[in-house]
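Annotated in Swiss-Prot:
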type	residues	note
BINDING	E51	thiamine diphosphate binding site
BINDING	R153, 261-282, 304-323	FAD binding site
REGION	397-477	region 'Thiamine pyrophosphate binding'
BINDING	D448, N475	Mg(2+) binding site
Amino acid sequence: MEMLSGAEMVVRSLIDQGVKQVFGYPGGAVLDIYDALHTVGGIDHVLVRHEQAAVHMADGLARATGDVGVVLVTSGPGATNAITGIATAYMDSIPLVILSGQVATSLIGYDAFQECDMVGISRPVVKHSFLVKQTEDIPLVLKKAFWLAASGRPGPVVVDLPKDILNPAKKMPYAWPETVSMRSYNPTTSGHKGQIKRALQTLASAKKPVVYVGGGAISAACYAPLRHIIETFNLPVVSSLMGLGAFPATHRQSLGMLGMHGTYEANMTMHNADVIFAVGVRFDDRTTNNLAKYCPNATVLHIDIDPTSISKTVNADIPVVGDARLVLEQMLELLAQDAPSQPQDDIRDWWQQIESWRARQCLKYDAESESIKPQAVIETLWRLTKGDAYVTSDVGQHQMFAALYYPFDKPRRWINSGGLGTMGFGLPAALGVKMALPKEMVVCVTGDGSIQMNIQELSTALQYELPVLVLNLNNRYLGMVKQWQDMIYSGRHSQSYMQSLPDFVRLAEAYGHVGLQINRPDELESKLSEALEHVRNNRLVFVDVTVDGSEHVYPMQIRGGGMDEMWLSKTERT
């Protein structure tokens with residue numbers, strides 16, 4: 001049996017798990033691991049400029065590929081800097097394994113240099129935290145960590161590694177476990193056949209059905225059976241922010257995103273539905289508005305692998321616990337055996353009503369404006385990339401414009417912080433995607449506020465030659481804050497105007513990249529085309545676009561209202 005130190009066990013375990021990339025930042029508590037990375041080899045390590053960005057990069061990789069992202073940080077401030085990234089992944093159910101250094105076991109609890117209780121601090125925002133106390137436990141703990149992160153409802157797992165168990169002078173027998181199990185953890189994957197049959201019968205008899213798709217559908221990769229059911233029953237489809245791409249956005253039956261800034265037709269369809277078929281969703285507050293007024297006539301069918309998400313906010317009349325792909329495949333088997341009849345006249349009437357809502361063209365904007373509209377920037381990007389880019393975003397108006405005006409026809413192409421709403425996510429996430437998928441076009445849609453949260457990662461991009469397009473919608477404001485202040489706080493712009501902005505073009509050039517400025521609508525097509533060509537030639541391009549600072553994101557639901565209560569413009573409401 002091979003004899004390895006604890007640090008070597010960490011690296012060998014990652015290799016045996018199939019890990020190709022690790023994102024991290026060294027420090028005293030993990031120097032033995034970094035030395036093992038150098039001597040053992042086999043893993044590409046990306047040296048970030050801030051630990052939060054390391055987690056976002058691993059997160060971007062995980063969202064784009066479905067693989068578990070891996071992070072390595074030191075103890076104390078290295079670990080605490082990672083917390084925002086961990087919480088971001090936790091809220092969106094993204095599989096990560098975070099390896100954090102810790103002071104020696106004999107010093108834990110004595111306020112040693114760079115000591116912090118990483119297990120305790122991370123506990124609210126992880127699936128599980130491990131503190132490894134014995135060198136020989138490292139392979140099994142890491143095997144469990146990867147299994148926990150990827151199985152059931154995915155999420156981040158922290159493995160805290162005290163410095164003394166990594167000692168290079170202390171060699172122990174190494175064996176990578178073939179299988180792993182945990183007595184207290186056994187997620188349900190197949191659905192209850194009786195519940196599935198009830199759900200299928202209810203869906204087939206619905207007069208005003210709607211399918212509501214969330215991020216869980218993407219995690220489960222249930223696209224094929226989902227589409228089969230949707231097309232078989234001619235069902236309208238709405239999506240949460242996290243679910244975009246699970247069903248093709250340009251498909252006739254897609255009504256787009258629902259919720260706070262969802263389309264008029266999506267929100268109206270939800271409000272008036274008699275059956276909601278929810279797949280991998282949380283019914284979070286951004287998609288329900290006032291729960292007391294939520295979809296008053298709907299029977300709710302809810303498929304989710306996490307039983308705690310079912311009936312958490314919205315009562316499920318027919319709950320089905322299980323992996324969405326397996327449950328939908330079970331549903332198709334039942335459908336093949338005994339297809340229930342469907343009221344075709346009712347469905348035709350329902351679609352006529354939906355088309356009347358769609359005819360309002362809720363996403364129209366002033367395309368002839370002398371100033372650049374952010375909507376036009378995103379539409380131009382979509383056209384030039386043929387809708388085939390991997391798009392990351394930060395948080396704010398630009399995020400909503402990207403979600404509404406870049407139709408995603410494929411899953412895992414839309415990568416954003418949906419649950420936590422983390423500014424500074426977009427750039428490092430884009431670099432993580434590019435690291436994993438070097439041949440793909442990767443675009444970070446950001447704003448003048450968000451980009452400055454982690455702009456230092458432009459240095460990481462240069463070091464590792466990660467050519468992405470950074471598209472900065474620069475409105476000189478914290479745009480979404482300003483929009484709320486305009487609409488709710490009588491236009492009092494308290495601390496939302498971004499004074500003393502840098503020259504982003506020259507800043508990008510200082511980091512060694514290409515910088516481009518767009519100030520007029522007639523420049524959009526040519527300069528974005530130029531930017532994309534630079535990216536194809538292996539250069540990161542930072543495009544600073546001066547957009548109309550007065551533009552709002554519409555539709556916007558009215559606070560405290562139902563799904564059907566929205567502002568459609570500054571002067572028009574439902």
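The backbone N, Cα and C atoms fix where each Cβ goes, and this holds for glycine too.
The model shown is predicted, which means the values in this text are computed figures rather than measured ones.
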Subject >> Inter-residue Cα distance where the pair is D448 (Mg(2+) binding site) and A278 (FAD binding site), in Å >> reply: 36
**OP:** Provide the three-state secondary structure of N272 (FAD binding site) computed with DSSP.
**Re:** helix
Subject >> Taken over the region 'Thiamine pyrophosphate binding' (397-477), the model's mean pLDDT >> reply: 98
Original post:
Helix, strand or coil: which one is D317 (FAD binding site) in, per DSSP?
Top reply: coil
Original post:
If you count the other Cβ atoms within 10 Å of each Cβ, which of the binding-site residues E51, D317 comes out on top?
Top reply: E51
Subject >> Candidate binding-site residues R153, I305, D323, pick with smallest Cα gap to D448 (Mg(2+) binding site) >> reply: R153
Subject >> Nearest-integer angstrom distance between the alpha carbons (Cα) of R153 (FAD binding site) and E51 (thiamine diphosphate binding site) >> reply: 25
**OP:** Based on Cα distances to the residue listed as 'thiamine diphosphate binding site', point out the closest of the binding-site residues N272, I305, N475.
**Re:** N475
Original post:
For N272 (FAD binding site) and N475 (Mg(2+) binding site), what Cα-Cα distance in Å is obtained after rounding to a whole number?
Top reply: 37
Original post:
How many Å separate the Cα atoms of D323 (FAD binding site) and N475 (Mg(2+) binding site)?
Top reply: 42
